[in-house]
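The structure appears right after this line, and notes come after that.
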There are 4 protein chains.
Amino acid sequence: MKIDVFKIEMSAPDDVRELKKLIDAGEVDPGEIIAVLGKTEGNGCVNDFTRALSTVSFRSLIMAETGWSEAEVSKKVAFVMSGGTEGVMSPHATIFCKHEDGAAGTGEKRLAVSSGFTRDFLPEEQGTMAVVEECRRVTLELMAQAGIDDPADVHFVQIKCPLLTSERILDAKSRGKDVVVHDTYESMGYNRGASALGVAIALGEIPAEAVSQETICHDYSLYSKVASTSAGVELLNCEIILMGNSVNSSSNYRIGHSVMADAIDFKAVIEAIQSAGLEVDKYPTDQQAKEIVNVFAKAEADSTGYVRGRRNTMHTDSDINHTRHARAVVNGVIAAIVNDPMVYVSGGAEHQGPDGGGPVAVIIKR
Amino acid sequence: MKIDVFKIEMSAPDDVRELKKLIDAGEVDPGEIIAVLGKTEGNGCVNDFTRALSTVSFRSLIMAETGWSEAEVSKKVAFVMSGGTEGVMSPHATIFCKHEDGAAGTGEKRLAVSSGFTRDFLPEEQGTMAVVEECRRVTLELMAQAGIDDPADVHFVQIKCPLLTSERILDAKSRGKDVVVHDTYESMGYNRGASALGVAIALGEIPAEAVSQETICHDYSLYSKVASTSAGVELLNCEIILMGNSVNSSSNYRIGHSVMADAIDFKAVIEAIQSAGLEVDKYPTDQQAKEIVNVFAKAEADSTGYVRGRRNTMHTDSDINHTRHARAVVNGVIAAIVNDPMVYVSGGAEHQGPDGGGPVAVIIKR
Amino acid sequence: MKIDVFKIEMSAPDDVRELKKLIDAGEVDPGEIIAVLGKTEGNGCVNDFTRALSTVSFRSLIMAETGWSEAEVSKKVAFVMSGGTEGVMSPHATIFCKHEDGAAGTGEKRLAVSSGFTRDFLPEEQGTMAVVEECRRVTLELMAQAGIDDPADVHFVQIKCPLLTSERILDAKSRGKDVVVHDTYESMGYNRGASALGVAIALGEIPAEAVSQETICHDYSLYSKVASTSAGVELLNCEIILMGNSVNSSSNYRIGHSVMADAIDFKAVIEAIQSAGLEVDKYPTDQQAKEIVNVFAKAEADSTGYVRGRRNTMHTDSDINHTRHARAVVNGVIAAIVNDPMVYVSGGAEHQGPDGGGPVAVIIKR
Amino acid sequence: MKIDVFKIEMSAPDDVRELKKLIDAGEVDPGEIIAVLGKTEGNGCVNDFTRALSTVSFRSLIMAETGWSEAEVSKKVAFVMSGGTEGVMSPHATIFCKHEDGAAGTGEKRLAVSSGFTRDFLPEEQGTMAVVEECRRVTLELMAQAGIDDPADVHFVQIKCPLLTSERILDAKSRGKDVVVHDTYESMGYNRGASALGVAIALGEIPAEAVSQETICHDYSLYSKVASTSAGVELLNCEIILMGNSVNSSSNYRIGHSVMADAIDFKAVIEAIQSAGLEVDKYPTDQQAKEIVNVFAKAEADSTGYVRGRRNTMHTDSDINHTRHARAVVNGVIAAIVNDPMVYVSGGAEHQGPDGGGPVAVIIKR
């Protein structure tokens, strides 16, 4: 197995020209694409339809290039779009391709990626143990698929999960069912949290018996250090992309990770870079920065309203959602360190890293 | 002359309890306060009334503590409130006190601060050469007041300038006059730009003849490296606080500065720290960070829509003003470096540093 | 008792010039002001400090004009500022003055107004039965004060209630207490709802035993038809203004009310006008509209996300709070009917009228 | 010629299920669709990609149902999506179908609709006389196509025009060209204004020689009473739908219009209803309201900041764009009158009706 990674810029959510160029140039075989992980320029909250627009645009291109039907593409490729490109964050997509070359690995641990899907969830199942359990199950399947035995070799598990809308809540009610929370914006958090807990159980980060419905979005001492989950209106199931290092991979890429303790924890970013294999002294040189393909991080407003003992206004700002504030900060800090604003920062880190912080993963090419 | 600097937290724009405590504890003599430089938690744009609320709150406290009338306080103390505390930025105020101890300076250059006011501007004068000229004149006066001969010893000139409202535009029209721009939000930029150009001329950064009405907010190759200007609805003139180092000062504080080339230029932040007198290796140690009293920086969305060659969406986001995006990023980057989110970042850097960047000044205590 | 009512425009939250003019002209005796009911131009949500700025501005003027201390003014005058002037809504204040002329009423029922205060609430009491009970108690006191025996003669009870901030939540936690809800924005709804239920019990609109902690912000079939409650960060207790008609009043004004079934129920507005004593045919003539002094209404996004069977996006819009959408609509509808955008519409109508609707009261002068 | 009109609800910008149902039921022949006029739930400003998502969704459905290529559909069907569904406005689309039945008209004037396209515009042409001239030319062609001789029989001309983005501005600069305005948001106004002036000239509402580059977005005394223009990021040309009444049409629908003088001018709405052929007394009865298929109106914040002599804050609100405020109000007023929140209100009425007002058209079925 050989994994290739391409980061492409997007001038709009439906701009897939850069991928088209890579295909035309023979650098990407459209039939080998297994995942598209995008940052799109919506608000990243409930009514962000840039995610759907990007998904339909990439899917259409792959359909046209492969001749596959929509159903076939949807089964073979995971499209995980995360909305919100605040501050200097640059809209982009990361394309993962898998080439089954039959070659044995190099003996070194190299980037391995797999992707898959849970079943669809009913509105009343969203944000519940049903999501936890399904994400746990699929995460284990994806580890096996990626040829990773040791959970310590899993460095990032990206999940796209659904959210509740007014229409979906009414649908549940019409069938005599209640939903986990009636606020559509809050439903995003419940789904993100439940998905992350599923990963944490699968990887042995927390024991299965520690998690119950009451835990979800309440006991934040339980979390995964590698899950990154993002909610979107455009799907009803969870799409999962698992990334790690495997001796079975002959990829030119490696991945590492760390956990940011808060939104300005730049030292964790440096640790993640080091974890991926770059030996940096305090911060990367310009030359080293060029080896960094992308950084994937979660951003979140600390629930206390304080960072390093100082009050902030992310939770009391009724004009801008706190996830938008948080993404701007975390992206800015990472961009400064790696000399590139085109890094992936996704908001809402419920059960993903400690309160106010979150996982940060780095892919390097060398 | 001895200058003291106090940074106090604010739990709301009208929270002046921390200053009251300092006065009650004898640390601050209310009669020696010359300037209050605040970051308040509004949107930092046209309809941000948190600036006015903070001003009235601090003024009332000083009136009560000194027995001075409102007019007396207004003449003796410059209140410069900058709105917008996006991301992790912590609302706070920096209080400057001047003690005329008659003592000669130490021979070392130490912090010197002076403050003053331009005349009121008519609506039709806002954003014009009238503002440029008045700011130039007062800046020179304040240099003299602060005992600074060499413009190179001026490290930060903070100006609060007015803005146009619908009412003020109508007032000009009723007198048959036109204003420089009819969009109230844009008028903030014109006033900030004109004020900064006045400083630049005063300090010899650019020649007077280079600046004309056509230059303002058009030729951004002309800028000051130390001006920091901020517009507010609550005043009609400009309030100016000038900071530098002078051999006549016996202060325990020193100031330095640098210029950020863009919003994520953390190396400029480190240069500013070094310029203030701290010898840091790549970034400050926790111990060194404690000597940093405050950082003052300008933030701005690059007019090209690009940072380090990567597109961002600050200028095309119709939900959040680009100044809000920019402040979140610059504050995050500085907060990470100095281990403190309570630093002063003000938005809208027209003619203050290069396009997309801005001055950054650091006060240290040692 | 004689009640006078003055509606004044405000060019900013701290603009009290129109009241000053009325005082200077002898039309308003500052010692007779019992209530100031303002619409201020903030976002009407958590971080809206325009309410505090207006309060301090009006209070300062009355202090200066009467010679009373801040404490005295605060005891004698209720300042109820409601934030949010979306759409064409015009920022303004309504000043209520009470003249105890000793004269008997005219025998006709005429406008009677009284105002008072509950005790301060601890953070953990906010949004609970403690608020319900205190508002019930004070409402009954104010009916007696206004000389109103029959609850049917009470047409509008305006309450300003507190809200939770990050700091207040931490305070409760530091004392081992929990708060009713951890989201600061949601705490506004709980306090508005609890206050309204207190009024409803006092006026016999619902039986006391129907209300418990579980009811608040859950069972919306329970509501008052005359309560109008508004939350603000600037106070810790509830300030209450009760308006009705009384035979003991010799006022030149009368009040009436109705209940809007939804945000576009203009027929209820016409009913309220008729209830106040104007005989209108379908809608008021321009001449009749001039007799309308002000309209006071509550606005709310229907919790179903539907109005007249049509989906709207108020609840799924993550950029603009639903209260802001709702105020714009209700104000627009009323302004069209009464030929004046300067009418009072306040957002968040939990337990104030039916879901999606709210009370609407009209004061006429004749 | 026979025109049919269908109004369908949309649960999201990509929800085209209601059109699919109409096709499946045989009510709509997909090959007869000539225009889709949608209200989508984005912010209606620069970064509103819901318009593109709706366009791609409707286009895909029609491609699938007709077997036509994307190019063919694009040539035959005008997709005009207007973003922004503030307040109670309900996202929806109006589908226009044209059946060439060869039958002569009834002798009565009945609904006639035609649609077409201008050429693409370069970035430097946007908002200029090039747009004016092209829209003039195509409007005249569409009148002929619709069988309308007398400009007085044209009641609504809906245009979708492009806008500038950071990328498009850079493109112009790279070719040494300048654009009409550098603010992307403002470019929407220039394109809307230029398009409307083109219509006004075509219909003889203003003389061609009155319009020059200096006029566009400056002299608002020049305007069309029937143009409704809307800018979107998803196209580079103008798409035009012209609606009127023609004796050549055998449609069951009729159209009429009026001009709202300001955002709360409900009497103009009633006049438009009467103009379409319904005889209403003050406002429509519930029965009459059912005959109203849709209302099409433009909304705009008066540039003075005042409506009926009362100040509003639409232009000084830096959190919410004034177009969003204006749409909420105008939709609310119309929805109240016609008993239906699902009416089409589009923002930004430069040169479309008088300052602060705009055209309003009504289609009735009888």
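Backbone N, Cα and C atoms are what each Cβ position is placed from, and that goes for glycine too.
Listed by TrEMBL as binding substrate are A:R51, A:S82, A:G83, A:R192, A:S230, A:A231, A:S346, A:G347; the candidate from A:R254, A:R327, A:R366 that the record includes in that site is A:R327. Same-chain residues with CB within 8 A of the center of the A:E300, A:A349, A:Q352, A:G353, A:P354, A:G357 CB atoms, the Mg(2+) site residues themselves not counted, are A:Y223, A:V259, A:M260, A:K298, A:D355, A:G356, A:G358, A:P359.
Cα of A:G353 (Mg(2+) binding site) to Cα of A:T323 (site 'Important for substrate specificity'): a distance of 15 Å. Taking A:T323 (site 'Important for substrate specificity') as the reference point, the recorded positions whose C-alpha atoms are within 10 Å of its C-alpha, out of A:K160, A:A349, A:P354, are A:A349. Rounded to the nearest whole angstrom, the C-alpha distance between A:P354 (Mg(2+) binding site) and A:K160 (active site) is 20. Counting Cβ atoms from all protein chains shown, A:G357 (Mg(2+) binding site) has 26 others lying within 10 Å of its own Cβ. Separation of the C-alpha atoms of A:Q352 (Mg(2+) binding site) and A:K160 (active site): 14 Å, rounded to the nearest whole number.
For A:E300 (Mg(2+) binding site), applying a Cβ distance below 8 Å and a minimum sequence separation of six or more within one chain yields A:A263, A:T323, A:A326, A:G347, A:G348, A:A349, A:E350, A:Q352, A:G353, A:D355, A:G356, A:G357, A:G358. In this structure, the recorded positions A:T323, A:Q352 were compared by how many other Cβ atoms lie within 10 Å of their Cβ, and the smallest count belongs to A:T323. Its Cβ taken as reference, A:G353 (Mg(2+) binding site) is surrounded by 29 other Cβ atoms within 10 Å in the chains shown. Every protein chain considered, the tally of other Cβ atoms within 10 Å of the Cβ of A:P354 (Mg(2+) binding site) stands at 17. A simple way to gauge crowding: the CB of A:K160 (active site) has 29 other CB atoms within 10 angstroms, across all the protein chains here.
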